[in-house]
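See structure below.
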Amino acid sequence: MASGWGINGNKGRCYDFWLDFSSCMSRCRQPSDCVLLREDYLECLHHSKEFQRRNRIYKEEQRQIRAAARKAKEEAEGAPAVAAHH
């Protein structure tokens, strides 16, 4: 990947991120100066933040579906939609 060549012979999708990160590392005093560029490069490679966000969205959608189904069931049974808490 760092060579710049992608799988189809073109420039790799993350090559520009790699160039930025590599350039920063070659001129910085401390590696911590380049943490954000490293993070961008790794996100481009692995999409971990994207997957975490998708998973959170999916879980929330499922929670809302369950809540709507529970509410519909309670209304069909004639019970109040919100249970009293003590």
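Each residue, glycine too, has its Cβ placed from N, Cα and C.
Keep in mind that what you see is a predicted model, and the values were worked out from it rather than measured.
Annotation source TrEMBL lists disulfide bond at Cys14-Cys44 (among others).
Sequence annotations record features per position, and here TrEMBL assigns disulfide bond to Cys24-Cys34 (among others). Counting every protein chain shown, the number of other Cβ atoms lying within 10 Å of the Cβ of Cys24 (disulfide bond) is 16.
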With Cβ-Cβ distance below 8 Å and at least 6 positions apart along the chain, what are the contacts of Cys34 (disulfide bond)? List them in sequence order.
Phe21, Cys24, Met25, Cys28
